[in-house]
Every structure is written in C-alpha cells, then in structure tokens.
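Asker: Feature table excerpt (TrEMBL):
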BINDING   HIS562, HIS566, CYS664, HIS668  Zn(2+) binding site
COILED    729-756  coiled coil
DOMAIN    1-707  domain 'Alanyl-transfer RNA synthetases family profile'
Amino acid sequence: MTSSEIREKFLSFFKGKNHTIVPSAPMVIKDDPTLMFTNAGMNQFKEYFLGNSISKHPRIADTQKCLRVSGKHNDLEEVGKDTYHHTMFEMLGNWSFGDYFKKEAIAWAWELLTEVYKIDKESLYVSVFEGSEDDNLTLDQEAYDLWKAIVPENRIILGSKKDNFWEMGDQGPCGPCSEIHVDIRPASEKAKVAGASLVNQDHPEVIEIWNLVFIQYNRKADGSLEPLPEKHVDTGMGFERLSMVLQGVNSSYDSDIFRPILKEVESITGEAYGSDPEKDIAMRVVADHIRAVAFSIADGQLPSNNGAGYVIRRILRRAVRYGFTFLGTHEPFLFKLVKVLVTQMGTAFPELKRQSALIENVVREEEHSFLKTLEQGLVLLDEVISGTKGKVVDGQKAFELYDTFGFPIDLTSLILGEKGYTLDTEGFEKAMQEQKSRSRSASEVAKDDWQVVHTNGEQEFLGYDQLEAEVRLVKYRKITTKKDKTQFQLVFDKTPFYPEGGGQVGDMGYLEVPNGDVVYILDTKKENNEIVHYAKNLPKHLNESLTAVVNKVARANTERNHSATHLLHQALRNVLGSHVEQKGSAVHPGHLRFDFSHFAKLTNEELTRVEDFVNERIHEHLPLQENRQVSMKEAMKEGAIALFGEKYGDQVRTIRFGNSIELCGGTHVKNTAEIWHFKIVSEGAIAAGVRRIEAITSDAVLNHYEEKEGQLDEIKARLKSSGDPVKAIEGLIEENAQLKKEIEALQKDKAKGLKAEIKKELEQREDYKFLSREVDLDAGAMKDLSFEMGQEVDNLFLLLGSEKDGKALLSCYISKDLANAKGWNAGQIVRELGKFIQGGGGGQPFFATAGGKNPEGIKEALEKVRSLLT
Ligand code: ATP
Ligand code: MG
C-alpha cells in the first residue's frame, strides 16, 4: 500500500463513520500566544475542548502537519538517532466533541487497524492508564473493560501518568489515554522475548503508533484537575510510523515517504545509506529536517533570530552541521532536496509547490551564511585552543562560541578530541543553565485561573459596526507579565474591541464603569477563539453593565493603514508580477509594514509606480465592499487572495476595494478616500527572496512632509540664501573642494619649512643626530615628516610631540641601523614616555606612536627622553 493510499483509507474509513473531513491547520501558529507550532492534531480544536465555542461538526477526522521541536513536545534531539521520531510528521486523527466516547473510539481504532489495514492482531498491544496518586486517580476501568472484550489480557499493559495521561500544556484539557503499540520484529525474535515486555522501552521495533485520548479533565493553574462538563475523544496516529508498518519495513525512513529524499541525499553526497551507522544518522537528520524547514517556510515562517523563526533556523543548522561533520558537505546542498520533496508532497500540500522557488532560495542563503559561521568558528576555536593551558578547554569559552557565533558544541567536542584536548562539559552546562534561567525569567508569564462572573454562550464581536457597546464581564484572571507587572485579562459577553490578528494590532481603549471610574484597556488579543482584553486593573463592580469604548483615533488610523496594505499588495502584484506572495504584515495606527516574496531590490521607478498605483486607487474613492459570510469556494471563484499559513473556515469574510479582493478578518475604511495619501518610507531585504516595504498614510504623510519642509527651511536659513537651495549647496561643495586643495598646498609648504627648521636644530651627538621637539601636526603628518627626515638624515633619533583636539600625541623615529646598533626600541620608548601624557602606545622598534589625554605632559616627555638614551 502506498503512503497516499494509506492516508486516503484513513480518511474514508472515518468518513464512513459520519466524520467530517477537514484540511490540516497550518503548522506554524500565528495567533496563539501559548504555542508556536502545531504539535498535535488537537491543537486546532482547542477552543472546542475548552468550551469557548461549539464545533459545527461533532465528529471530525483529518491529517495534521505537526512539528515537535519546542515546548512540551520536543523530539529534536532524538531525530535521526532513532528510526521513528521526526521533527515534522503527519498525525492522522479522529475527534468527537461531546459525542461518542471510549467505546466507539476503541472499537473503530481496532477495526481500522485489523480489518482495513489488516495488521496482524497478534502483533498489537494496547495500554491503559493505571491511575496516579498525585492526581488521586485510579485505573481507567472503563477503557480496560472495553479492551478486554477485544484482546487477551496479556496484551493489555498498564501505563503510568508519563505514558498514559495526555496533557496539552501545563494548563488546559487533558485525560487518560490508551495507546496502541505494534511489534514488527521478525517471528524468531518474537519467540525469544515477549513483545509485552518491550512496550514503552524505546525499542525501535516495538513502537507506539496510535494514541486514543479521552479528554475528561481540565488542569488548573494550581495543578489540580476538574472534570469537564462534556467528554471528548482526541486520537492521533503517526502517519510515517503507520506507513512503515504497512509497507513491511523497520524504519519509517525506509517507507516511500522518505526513500526518494534519502536517494537524493545519497546522490548529492556520494555516500550509501546503510553503510555506516554514523553517516546514516546524519542522512536521516538531513532527510527529516528539510521537510520541517520547507513546510515552515511554505506556511510563512522564515528562519530568523527570534521566536518561531529561530527554532526553524536551528533545525536547518542542525542539518547543515550533520552534513558538514559526517557527510563532508561544505557547500550548500539542502536546497537541492526541495525539488524531490515538492514532487512527492506537492499534490497533497499545494502550498509547497507554489512556493518552491522561494523555499529553495531561503534555504540556500541560510546554508551559505551558516557555513561561513562554521568556518569563522573554526578559526576562533583554534584561538581558544592556543590560549588553553593544559589539555582541558574552558566550558565558558566554548559556550561563548556556541552562544554568540552559533558554533555547535558537538562540533567543538569533536574537533577538540581530534587535537587531543577535552571539553570542560560541566563548565559548559553551567553556562548553558545560567543563560536558560536568564531567558526563562525574561519571557515567562504567570496566569491565575479564570474566575467566572457570568456564564455565557458564544462571545459576539461587534467591532465591524460599533466602537462602543454595553457589555458584561463573563470571566477574568490575573496575569503577571514579563516585567513583574500585574494585569487582568477580561472576557466580555460581546465586545467592540478588535483582537490582534491578520497583522492588525489589537484595539486599545477604556471601560466606563457606572460610578464614573475608568478602566484602561491596553491591548486586545484572541486566545482559543476568545477575545481577551488586557486591563490595567479590575472594574470594582464586576456584576454591573460596563461601557466598552475603543480608542477611535487609533482605530481609524489603523484602518487607513490596513486598507492601504490591501492596495499595496495589489499594486505589487500589478507592478512586479503575480509571483508576489504576502509573507507578513503589521498594521499599526502610525505605519504599516508589508513583507513579500520577490527576488530583486525594487528600483526607484518601480517604487514610484507602486506608490502611484495605490494613490490612484485612493483618488478613485473606491467604496468598501464587505462580505461577512461567503463560502470559501465562492470567494475563490471571485478571485479573492488567500494567504498560505492562515487558518480559514468554510465560511470566510471578503474585503473588496475595486479589483482588490482579499480574505480578511480585519477592519477597514468605508471608502479609500479616507486614506488620503500613501507614501513608501523604506524598502529592503529581510531574507533571501523576501522584501519589506514600510509605508505611511493620512496624517502620518502630512507629518512626514511637514518635517521635510521644516528641514528645508532650516537649510535655507543656514545657507542665508533665498534662492534655490540645491544651487546654493552645489556652490558650497565646489567652494569646499577648492578650499581643501588650498589647505593641502599650504600644509605641504608648511611641512617643507618645518623640515628645513628641524634639520637646523638637529643636535649632533657622538655617533647620531638627535632632536626632540613639539610640532603643530596631526598624527599622519607627524609620521610623514619622520619618515621623510629618516630618508634624508642617517642615524637619526627623532621624537615629536603634538597637541591635537585636547589630546597629546608622541611619535618616535629611530633609523633602523641606529636602533640595531644601540639596542633601542621606539615601541618601548613611547610606552615609557606615555606615562607623562597619561596614555599608552606602541609600534615597531624603529617607529612608534603614543596617544594620551594629558597635553600638559608633552614637554616633560620631550625632556625625559634624553635620560632614556644611554
Ligand atoms: P512517543 O512516546 O513515541 O514519542 P508520544 O507519546 O509522544 O510518542 P503522542 O503525543 O501520543 O505520541 O502522539 C500520537 C502519535 O503520533 C503517536 O502514537 C505516534 O504514532 C505519533 N508521533 C508522536 N511523536 C512523533 C514523532 N516525533 N515523529 C513521528 N510520529 C510521532
Ligand atoms: Mg513523544
């Protein structure tokens, strides 16, 4: 069975059990402050588990792109080393939201595995939660009894909280689970050791394939559990692991999902997979990581220096480093794998195909710059080694290399080993821990439990039509922010406040309380599909009706910038071509930022055309045509632009101005005339093939021009000319050049005169000529003069002192023969004399300079030199 057939069979099986099939949510999560990447199929349904909203479909099935490289689920370090953990993988899942529970979930899982996929029943084991004292929970008897009816008891294993109690995060929905494990060892092995004893023992051929989670509790902030009113089913089966089992191979890398990629790795590196265990690990790392990186970029997350982007960068670098160390790849090569990946997965995931050129470019560029870092790191490491006394290299130093230059620690260890050194791992770990606790305390936010004031149905958003509304508090909780400040999160039954999303910032404003008090709302965000308001304090009377008022000025400016962003997007596609894809946007009251894929810097002419295009649309006074409820199909037919990496339902909202039509949940002007004017203030690259435009509209444009005009007036005033300032400046430039020339000529004359003077002053000592004297020259001129004198006078000792801009300078010249004969050293001499001018210096034995902050000391230095020459 091919992997495509396996995926298809899963979905059609559950369709047959009345499940609605939905597409995978993006792997990169944009609007959830608690999670960077989708790490399980259930993430996109969190709001249903929490009871914030009700799913239209009580039964759902899908395949979900997952990434487990950060937070609670992090498999990164296993990947490559074993044969069944991946960074990015597909999770096949079926869900029940308050519908069926353990009985059906267990029966269907068994039916699918044994009757549809025809896995040998004898090779399957199941596990049941045994209970846990911490949580006061006992054996999951219900699940145990259900399994007992299907499988013999010796194939039911009891599991601890670690393996059989599933939690999404530190807080939130959770519950006991039943896992299904499969033993794929050859019969001869099975006869020797019973499979049951190998379950959950990290055996590569006795592995978990499916987890059936029975969500029935909510974990509260204080760690206690409370039962959920509705019970849910959440299952997840590893698609790659299932394919391995059904294709009769013992590593998911040998399934048809990974084979073509590994083949390409073989042909690029000239290494054969399976010939050397160390190289095999590296090849698996490479084959795995390119998928994670490519899918992230397709979802709109580029590698970067922080947050989710940094996680992606680290995955990519791990692959480069394994290639560099074990496969001898010292040139970019990962980008070459993108083509195979696209051929193989581009049909199931079209976002990959559409953006393959961008993915290749970004990956190649990243590889290139990291390889450079590696080279520099090797040089720095050599320096660290040569500065090491003994054979143990300081862990703190290795950590600095790792932390500041991104030089990988395992490479450091490897190189040290080759050179006969060892690493002080304890010191390294200590430095690492210190840094971790520093960054943890800087980023963590503590949250109390929600306090419910009113119970309420689904929350209503009024902000498309209203900026003010009477609302009631539904629940609130206290949070402690990064900077140890207390704030309150408030949820209302309805709200006019727009929550941050789709690039547009969250609304600010205030609440008016009946007694006349005001509570400020600092920001608004969406969490698990609920609009959460961040308030400075809590309203005194929680039960009363409140007036929620949005800051109208900020909102209006934000709307101008949001609508202008749509017009800019349209303009770029018009002027540059339809390859332009939105890669990010930020819409603030004061400015807008738009990132997009394009491979070259925009010329001035293109920038002007883009600006003109937008301004023409503004002058056409195009009315807003908003459609709040339209089917995705209909919207696409009309030509609406959807973004990769965004989550859309089957009903979407479209925003149209003339021919610009986009899927968008943001707020907009009623007519483009309100934007008044659009002006680009900067354009540049933010990554390979991705450019950023920053622009302003309306009042900001006025301020911009007023500021420019102010500057021009200032320039005119300084020029003291009422005529054309450009002409006046050209005149100044010319005059300046002329004056420079004259000064140079004068300085040359002066130097000539000075040289003649100095020659006359030279003291003839027994076998050399001596002079120490003050001059009015800068450092460069002092050096020139010294060398010229040296050319003309043999056996010369010349010490010059000068004061420039309040600082003291000394220069010492000694003819080479003289320095050798007498054993004098100009460097030592200036260092000695540096004391008098409160400074230091150095140089070569025949010429050296010193600088200091005490010009008063010059005279003394010029005098003291005599006593040094003995
Ligand atoms: P394991 O103990 O093997 O790491 P898990 O308990 O972390 O698995 P779950 O969180 O229950 O796994 O995820 C459900 C299913 O997803 C698993 O049964 C497995 O088939 C699959 N899965 C989990 N992690 C990975 C991974 N890193 N790579 C591939 N498949 C995975
Ligand atoms: Mg795991």
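A Cβ is built for glycine as well, from the same backbone N, Cα and C atoms used for every other residue.
Curation does not apply to TrEMBL; its annotations are automatic.
Each of these features: where is it, how hidden is it, and who are its neighbours?
Answerer: Neighbour list (CYS664 (Zn(2+) binding site), Cβ cut-off 8 Å, at least 6 residues apart, same chain): GLY502, HIS566, ARG653, THR654, ILE655.
The average pLDDT for the coiled coil (729-756) in the predicted structure is 90.
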Asker: Which residues of the same chain, at least 6 past either end of the coiled coil (729-756), have a Cβ under 8 Å from a Cβ in it?
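Answerer: Same-chain contacts beyond the flanks: 715, 719, 775, 777, 781, 784-785, 788-789.
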Asker: Might you list, by sequence position, any residue in that chain lying six or more from HIS668 (Zn(2+) binding site) with a Cβ less than 8 Å away from its Cβ?
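Answerer: Result: GLU559, HIS562, SER563, HIS566, LEU624, GLU626, ILE655.
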Asker: For HIS562 (Zn(2+) binding site), just count the other CB atoms lying within 10 A of its CB, please.
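Answerer: Its Cβ has 25 other Cβ atoms within 10 Å.
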Asker: Taking the Cβ of HIS566 (Zn(2+) binding site) as the centre, how many other Cβ atoms fall within a 10 Å radius?
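Answerer: Taking every protein chain into account, the count is 25.
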Asker: Where does CYS664 (Zn(2+) binding site) sit in the DSSP three-state scheme?
Answerer: coil
Asker: Taking the centroid of the Cβ atoms of HIS562, HIS566, CYS664, HIS668 as the Zn(2+) site, which other residues of that chain lie with their Cβ within 8 Å of it, listed in sequence order?
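Answerer: Apart from HIS562, HIS566, CYS664, HIS668, the close residues are GLN504, GLU559, SER563, THR565, ILE655, GLU662, GLY666, THR667.
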